[in-house]
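Here is the structure we will look at, set down as structure tokens.
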């Protein structure tokens, strides 16, 4: 929601500066994404004036002398060749001494014996090139004479952009944001001054609502003899531009103006294009189409699309977009104004169906205040009558009260409030906070009965009310109370799960990784590429379409973060994340199991570039080593805890460079290279490697205990053997470990060879045995016996040939 500070201060103007205003928004839970000064050109001495007299210059053809009143009794003559304006027209004048944006200073000049004591200003002269109107600036008749034009349009303004969360649709308007500031500063909001809209014509339109569940409230009004050619007042244009909306015409601009100020979408139809002058709110019929007004694309309507129609054709997709069959044109004189309340779920389904996310959808999907409809209709009517003249008919009001949102009544307990907050707020302070937020409060002993405002759909339970109280009271005002502890207090042990995860993070950080935190809501398209076999939990009301499902693994967030960095020329990436993943229990229900997982991702070079170090691209064995370094924390050698990897096929991973991870035959997760097809679709430019560990499976394994280091020397022996290529080196190592020889402390692979002198489909492995006793120095005979046991076992299991 982008808006100007000056517009907020028209509604509520507390004695705080800009920085304090930003802080108040932030502390109230409204995330300010950007705050900047209005990018306007500076000019000085430019004022509003009134033309008193126009006369032809006696000595020059096509030249006139304008006598204007520029305020303070200052009557001056200005010579101009532009004669498009009449007596009493309000204009913008640069007096003598005025400074224009280009640095020019206005001076008195003589033209054929007549003095010119200023200049009538155009938009381009003042650097306001975003206005398309040509000629001298003309202002409304109520513009104050002598007022500084820079101040009149509030050019000394700030633009604020706030990221509105899905639960705070009430803040998608100037009035909604002003309510927050008024509540924090205990100020009163201004009231909209609407002149009485007494009907002066009797024209109405019958409105038939066939689906009151989807549209429980519909208001309308007929306006006739509207002049659409009148330019939109500059103040309205400036407000729209500062909110990121380009002015179009007076009708559309006023509709957008009311939308931004009150948060209620207003639709305006050409009255003459409504067939038989009857409005229906119904579902679409087979074969119906709608031509969109923005790009003249003709779309076929899906069944069960809620439309606004006349007797013959659809006029609009309800709450989403209007068709050009009924849109206002330059020849329009009679219009029909419509405001409505639609069921948010209906609008969400419709915009997803047609992929049309309009400014109206933004409001309707989050829920608009059903009680503001009539105010918005009357406000739009009064503005149109004020600027476009014309006559208005009576309000047409169709309401199904049974289908409108109900006011929620919640009991707030003083005991629960104190328990959650941890400190005491006086009763009157609580009542004032809730009343200023629009709640109705009734005291009941030590408790309160609270009725929610019509615009707050997010307040459902007692905890919601408590969060509102502390939000406005101010988190920064929570008293600092020293913690009270007892020396006899029982120390609570930290769960092994937390300790082991913390240790594992330390290991990864030591290996050059950086920790990230991402949302549990992820992009469904990326997740489907990684896990096509699973159906994720879908959010009913997502923040956005690319955050609409719950994550099945941490890879989605890691890959998106990696892509973000890759697109900013960061090539060497090592990231990890821990968090909850939501795994469906079966494909037939929405039940999920929540699993704590630890995942990592890396790409780029194995080592940072250095003139003295030869480096290469990271590969499968690098990330496999990272996983092993974590699992070594749990590898208790004397209890036969064995880490091993099994080749596997997983949709997200390269079929030849992926493996399942096991510890003590317990499945822990996957490691490997992202599948080449996925890398291509996501435009990943280098090999990306990932791992994921199911932490809930790891924590049940006891961590390695500290043991005494033997003071006796180690002995090393190498065994070279030839085995078939399909036998993995890890199975050879595990077989040696499982023999159970006490003095065999370590077995590791040191060489793999294929080629000359090795039969086809065979390979040569060399493994190194580390032998050490805790009680004595091993004798050569003892060592030979261990070697014989190992070679005999390997020959028996794998039919190995020793070199």
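Glycine is no exception: its Cβ is also placed from the backbone N, Cα and C atoms.
The Mg(2+) binding site feature in Swiss-Prot is assigned to 458, 468; the stated evidence is sequence analysis. Annotation source Swiss-Prot lists domain 'tRNA-binding' at 40-150, citing sequence analysis. Swiss-Prot lists 405-480 with the feature domain 'B5', giving sequence analysis as the kind of evidence. Swiss-Prot lists 710-803 with the feature domain 'FDX-ACB', giving sequence analysis as the kind of evidence.
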Return one of helix, strand or coil for residue 458 (Mg(2+) binding site), based on DSSP. coil
Mind checking how the domain 'FDX-ACB' (710-803) divides into helix, strand and coil residues in DSSP? 29 helix, 32 strand, 33 coil
Can you give the mean pLDDT for the domain 'B5' (405-480), rounded to a whole number? 94
If you run through the domain 'tRNA-binding' (40-150) with DSSP, how many residues end up as helix, strand and coil? 5 helix, 50 strand, 56 coil
Summary of DSSP states over the domain 'B5' (405-480), given as helix, strand and coil counts: 33 helix, 14 strand, 29 coil
